[in-house]
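These features come from TrEMBL:
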TRANSMEM  16-33  transmembrane segment
TRANSMEM  83-103  transmembrane segment
TRANSMEM  110-129  transmembrane segment
TRANSMEM  135-153  transmembrane segment
TRANSMEM  160-181  transmembrane segment
TRANSMEM  212-233  transmembrane segment
Amino acid sequence: MRPNWELKNCCNHQQVVFLVTVSVCAVVILALWRTVLLKPFKLVTVFLHEASHAIACKLTCGHVEGIQVHADEGGTTQTRGGIYWLILPAGYLGSSFWGMVLILASTNLLTSRIAAGCFVAALLVVLLVAKNWTLRGLCIGFVVFLGVVWVLQETTKVRILQYTILFIGVMNSLFSVYDIYDDLISRRVHSSDAEKFAEVCPCPCNGMGWGIIWGLISFLFLCGAVYLGIVILS
């Protein structure tokens, strides 16, 4: 069937449910933003940020020496070699990309299962190179959490796997945009990825400028995820 890119005759029941669920997730996330309930999900976003640095390092033939996620929602990835100017933006843009992937995966039960399985596999791999107990605890905790959700999905009438994947995707997308604004635009953090990127990139743009560019790209990832999700469900 040809994709309905123009969204003619929008919206059917599945599309409405998808849009409402995304909206509800966004409202819940913003309402609980400063509460401890979202702490684990924020740390997952930090994990995906650091994992994206690591993936970019490996893809450019570098070596990942270790990954850390801190309880204050910060993180570091120790790398050696690789292409530095590709590794630096991979954190913010990579986590936004993974948020989009998770949102799209949630539109189908099979792809939700695949996304959950890949997520668990990634957590187990990172567990082997984790350099602090915050990250180790996060990996173990989310492996158990996703395992419980999966068991409930397969053995009971509680069908929450797709909603869980969607929530993590929306959380990751929103947190990525906020993190870029907070770290790179609203205040100048001289040790930030954008400031370091401005030093190695020959383009006449400072760290704040790169933060604005990365923030716009991240927001486009979120909008693109919602649009493509509607197209898929048409």
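The backbone N, Cα and C atoms fix where each Cβ goes, glycine too.
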Query: Which residues, given as numbers and ranges, are at least 6 beyond the ends of the transmembrane segment (16-33) yet have a Cβ under 8 Å from it?
result: 103, 107, 163, 166-167, 170-171, 174, 226, 229-230, 233
- line: Among 110-129, 135-153, 160-181, 212-233, the stretch with the most Cβ pairs under 8 Å to the transmembrane segment (83-103) is 160-181
- request: Could you give the residue numbers and ranges of same-chain residues that sit at least 6 residues beyond the transmembrane segment (110-129) on either side and whose C-beta is under 8 angstroms from one of its C-beta atoms?
  value: 47, 51, 54, 64, 66-67, 101-102, 104, 135-136, 139-140, 142-143, 146-147, 149-150, 161-162, 164-165, 168
Statement: Under 8 Å Cβ-Cβ from the transmembrane segment (160-181), and at least six residues away from its ends along the same chain, one finds 21-22, 25-26, 29-30, 38, 41-42, 44-45, 48-49, 92, 95-96, 98-109, 112-113, 115-116, 119, 146, 149-150, 152-153, 211, 214-215, 218-219, 221-222, 225
